[in-house]
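So the structure is just underneath, and the comments pick up after that.
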Amino acid sequence: MGKGVGRDKYEPAAVSEHGDKKKAKKERDMDELKKEVSMDDHKLSLDELHRKYGTDLSRGLTPARAAEILARDGPNALTPPPTTPEWVKFCRQLFGGFSMLLWIGAILCFLAYGIQAATEEEPQNDNLYLGVVLSAVVIITGCFSYYQEAKSSKIMESFKNMVPQQALVIRNGEKMSINAEEVVVGDLVEVKGGDRIPADLRIISANGCKVDNSSLTGESEPQTRSPDFTNENPLETRNIAFFSTNCVEGTARGIVVYTGDRTVMGRIATLASGLEGGQTPIAAEIEHFIHIITGVAVFLGVSFFILSLILEYTWLEAVIFLIGIIVANVPEGLLATVTVCLTLTAKRMARKNCLVKNLEAVETLGSTSTICSDKTGTLTQNRMTVAHMWSDNQIHEADTTENQSGVSFDKTSATWLALSRIAGLCNRAVFQANQENLPILKRAVAGDASESALLKCIELCCGSVKEMRERYTKIVEIPFNSTNKYQLSIHKNPNTAEPRHLLVMKGAPERILDRCSSILIHGKEQPLDEELKDAFQNAYLELGGLGERVLGFCHLFLPDEQFPEGFQFDTDDVNFPLDNLCFVGLISMIDPPRAAVPDAVGKCRSAGIKVIMVTGDHPITAKAIAKGVGIISEGNETVEDIAARLNIPVSQVNPRDAKACVVHGSDLKDMTSEQLDDILKYHTEIVFARTSPQQKLIIVEGCQRQGAIVAVTGDGVNDSPASKKADIGVAMGIAGSDVSKQAADMILLDDNFASIVTGVEEGRLIFDNLKKSIAYTLTSNIPEITPFLIFIIANIPLPLGTVTILCIDLGTDMVPAISLAYEQAESDIMKRQPRNPKTDKLVNEQLISMAYGQIGMIQALGGFFTYFVILAENGFLPIHLLGLRVNWDDRWINDVEDSYGQQWTYEQRKIVEFTCHTPFFVTIVVVQWADLVICKTRRNSVFQQGMKNKILIFGLFEETALAAFLSYCPGMGVALRMYPLKPTWWFCAFPYSLLIFVYDEVRKLIIRRRPGGWVEKETYY
């Protein structure tokens, strides 16, 4: 944290270029931020503090000095994260990835039209129309995607309420409330319960002060703050309070040591906003796909350009061919299909409580192979709950379920009544007003987490605590402090059969036991002998080992003769007994796991996803929760477990024998990257405890080095750098801090880890369905492009026009392609390993070979069959067509003879040609029926999957209706050059459609019968 600490170590050798310098500086700054928090203010004595900051420790700074510092350091505010200007976002949608390919297509069309317009007297307008339509497609889908993202980002308009509005400072001995942005380094600040800490403070005096650091360190318990230096690590010491955490109770004074971006919170926010998010896997896939399509298009275009020149076409004609082939290869409708598919999934996920901020993140979640999850609030319920009691020398289990449906215990025992009385009276937590109608567990409580847990437990078991406190009036109390480690209060006893005053005490179990000489067993006091002390010790160790926070409880009836009615109890100079008390029992609390989490973790495991817990909490608690939710599965041991079982020192155990592993933050700090890689590689079940935000980031980078796609979940500010660095960051909608929501790609509206698993399933499904959509869309490229190629090579009249191609890509194929996004998952979706982004591509060789090489070729054969049938019916036999093109297209020749010697004028010839375009188009529609049905599944038979997808059935009818409309609607001959066709011509394609269906069903059958065989390797996409 020190300004400029260790800068010199990082100075690179003279960097020549300005750009390199900038990059080097950015990397250096990031390294600087990734280092652990370095500050030494917590080690300084008050004198040294006074010397360092020039502050009078009782009167504060002078207003003049404060103004100077404010001018030097700037306001005490976080720099808002850099936002991308809206026009840049819009341009990204218009010119990114796939759109670029369509723009190139459009420009080439305009170019071709320009060439034709310059060289022909009456140029055809096909290319002009095509260029206009392509531009329109890009602009419309671009606007659509931009609108989607803008809608999501509106939900994210926060971060502003991170900064506290007012702060109480002491300047020149006067208390004044000022805007928190005007607080400067060296200011003397006072905070009380309920305030937000306005800057990083070094505490110089405190009274019962506790702060909630959960958003920074992930610890759910409020932390005591005092002037004492208690730990080398500034995040753990008691005498530093951090900017933007909350003071829960008590009061404190402190000197401001850092403000704004230099605070610990500021560094984390800067760290998060400075990280490069990187490209999403689906964006990389689409880029890879564009490379393939562009490669194929350019290769074919150039090959046929050269071929045309060899076949003695003019170079102008050759250029027109080149452009035609490239454009025919571009699947115009696919950009819209992909955008719509992702949007549909995002909407479906929002219904399941996952809000996706970035459309492409939908798929990323599906390819996730490692989830680094925060513990508090994500895996657990984020409410301390009483878990166990130890009284009458036995452990009782309490009900920790969210809906109180679990086990209960005997509530009539005299010891339990005494224990519940102490827990209710020696407790400062109270329910907030007007909540009588709410269930007890849902009520808001003023007080710390442990006391709230006790309050709710006693209210559930024994009725109103408020009434109990009214009956037993409180006379005096000594609040909990870190030196004594106990809390004590004395109450009037309404029960006349017992002494008038009851002293109750709770605190750290070993401290409480030391003050006791007897113990309550079945309502009777017994001397506390060694045997009972051992029983206590065993119970304490057992509950502590479960990761629970244990408190001890004792009481004492004060004898009436020494403490008569009206006795003045003095808590400063204590005039009542604090020893020889009667020990009543232990109560332990834990933040229990959420009910749905163990099942979700199990699903992750069967889907091949590794779940790693990363928490700021204590290792024992972390390990207990990890075992509770199945992150460490039953029977798997850590190195410590093996050492305990074999009764040998930990150092003698081979770490690789242990499948599970709990790593402490302090050990992680000293590890090299190689050691961390070793842990991540050789242990399947890992828990990182007591980690700092910087370490979370290092863990994520370690997982990414292993080639994992990492999802990070968390709700605190401490999770945001890791969340930003991960492939997908998941923030909590309810408990999440604004900084973490800012950095995330997805927000769980119900804060439940189980929703992530739903997300993973949806992500995998969308990847499968996108593959199916692409396979469907690409297949029709072959029957669209082969007519063009045969037209050039064999010199026959053009079988299919450019405008007709557009009618397929943007008309008949659109709805069916989108309908595949609604297809249900195949049975193996959550049983297979996560996809490997390096090898499992969205568009792979197998998909191209199936779409282009096999199904596409059958479709093209069907098209040509129809074409030759119709021309033969009109008198032109196939053999007669070869080499006919030059005369056919010459508008000055009006006596071209057919196979039977009839003469055809230019106009008549063109009508026959366009009449052929329409059946060729209809044939493609008919064979695409079969293609759509076979694309429903990749491995299962269509008969297994069924036809439950209503949108797909609608798609089949829609494409048929559209084809019929385009063929038979009056005026289409002029607009699109489509002519009505005889009903019999529809049936030419049926055998080919059936062939496609049978061929693919047989292929899938072989894949299922012979997994891993040749057919699967070559054709399973």
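Note that Cβ sites are derived from N, Cα and C of the backbone, with glycine treated the same way.
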Same membrane side per Swiss-Prot: ALA794 vs ARG938: no
Stated Swiss-Prot location of transmembrane segment, expressed as one of 287-306, 867-886: 287-306
Segment-segment contact (the transmembrane segment (319-336); the transmembrane segment (917-936)) at 3 or more Cβ pairs under 8 Å: no
For the topological domain 'Cytoplasmic' (937-949), the number of residues DSSP places in helix, strand and coil: 4 helix, 0 strand, 9 coil
Helix, strand and coil totals (DSSP H, G, I; E, B; other) for the topological domain 'Cytoplasmic' (822-841): 1 helix, 0 strand, 19 coil
Cα within 10 Å of ASP719 (Mg(2+) binding site) - qualifying recorded positions among ASP374, SER450, LYS659, SER673: ASP374
Cα-to-Cα gap, LYS659 (N6-succinyllysine) vs ASP715 (Mg(2+) binding site), nearest whole Å: 28
Neighbour tally for SER45 (phosphoserine), based on other Cβ positions within 10 Å of its Cβ: 9
Among SER38, ASP374, TYR540, ASP715, SER941, which are recorded as recorded positions, the nearest neighbour of SER226 (phosphoserine) by Cα: SER38
Nearest of the recorded positions (SER45, ASP374, SER450, LYS485, ASP715) to SER666 (phosphoserine), judged by Cα-Cα distance: ASP374
CB contact flag for the transmembrane segment (287-306) and the transmembrane segment (950-968), at least three pairs under 8 A: no
